[in-house]
Amino acid sequence: MNALAATNRNFRLAARLLGLDSKLEKSLLIPFREIKVECTIPKDDGSLASYVGFRVQHDNARGPMKGGIRYHPEVDPDEVNALAQLMTWKTAVADLPYGGAKGGIGCNPRDLSISELERLTRVFTQKIHDLIGIHRDVPAPDMGTNAQTMAWILDEYSKFHGHSPAVVTGKPIDLGGSLGREAATGLGVVFATEALLAEYGKSITDTKFALQGFGNVGSWAAKIIHEKGGKVVAVSDITGAVKNPNGIDIPALLKHTEITGTLKDFQGANFMDPNDLLVHECDVLIPCALGGVLNKENAADIKAKFIIEGANHPTDPEADEILSKKGVVILPDIYANSGGVTVSYFEWVQNIQGFMWEEEEVNFELKKYMTKAFHEIKAMCKLHDCNLRMGAFSLGVNRVARATLLRGWGA
């Protein structure tokens, strides 16, 4: 089941739990606006190249739309629609005053020079500048884009609208980016894990963790878990996987990957088959890489008691069912990886105020938001007698539905 089908399925189940009117249910699914633009740029060799850029703006009942811009050769409209919709529910679960959006350009950023990427980003911004904005739609980095991409969008947008640092988040610190933004998703995953374990009278200390993915989210989560006394017994990424039943020395592994760019030949652990990581012996499994990695083929063999979804949509609905029957507790992506968008919100607030926060304040507020959202999800689970995924979806959908009705749109 692809991301769109899974998101729609979860939405419909939540709508049924909440007893939503069918007209309202239908209107909540349809995107507010879909934008498709042609971006033609001169290449470095003097030839012209055309790319298709797009932006799906899903819902703005609770505030400006928010979501990433990705540069990827196979930008699938269905997937972007699903991710825009998912951002609507995700921002509502975290109780941020936003709706959802997603967008990007169909290109391979590796095939373009820095100056070509800059020209492409500026042309894309010129085409959509009147449809994004501080109180309309606030983009952020995603796959294939970064802080530099956001700096170019900010500069181009500001030519039309005056200096507007709050038009994008995930910016370089020197242009109004927030301290703590880089670690935010990984730190949010750890705060979510702490909240869940506390429910079962456990803590991170002496708990065994396995992490799939050692990019931004996985490496920060592993680092913080290690600092808090947790045992990271296995880690994998696209270069391979390593294990150590006594716990991997994460600072040493980070140093090794920084120097070599790979997990291979790390002295402090044994090499293992990356395919075995998900079924490795551990208490908590944190998939922070690709979607669809937990499926009906491997779900029955998973040994973890808790799964924290650091990636988007890592668990197929079929695997969800198998794992539920086994008594595995899954903390859903829509909540578990919302640390990134929460600190993006803090960045936006700081830009609007023109007053920047210290990193301690950013992290303190992030913990407050993540802990509060967890208890609100638990309350929904109790009310509707459902699992954490349905608790989170029904919390998010309910907030958006209430805002829609209060504004008189769903009547």
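Every residue gets a Cβ built from N, Cα and C, even glycine.
Nobody curates TrEMBL annotations by hand; they come from automatic prediction.
Summarising the annotation, TrEMBL assigns substrate binding site to K66, K90, S344.
What TrEMBL lists as active site, proton donor is K102.
Annotated site 'Important for catalysis' per TrEMBL: D142, in sequence order. The Cβ of D142 (site 'Important for catalysis') lies under 8 Å from the Cβ of G67, G68, I69, R70, K102, G104, each of these being in the same chain and 6 or more residues away along the sequence.
Taken from TrEMBL, the feature NAD(+) binding site applies to T185, N216. If you draw a 10 Å sphere around the CB of N216 (NAD(+) binding site), it holds 15 other CB atoms from the protein chains shown.
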Looking at the binding-site residues listed here (K66, K90, S344), whose Cα lies nearest to that of T185 (NAD(+) binding site)?
S344
Can you tell which of T185, S344 has the least company, meaning the fewest other C-beta atoms within 10 angstroms of its C-beta, among these binding-site residues?
T185
What are the non-local neighbours of K66 (substrate binding site), defined as same-chain residues 6+ apart in sequence with CB under 8 A from its CB?
M87, T91, L96, Y98, G99, G100, A101, D137, V138, A140, V341, S344, Y345
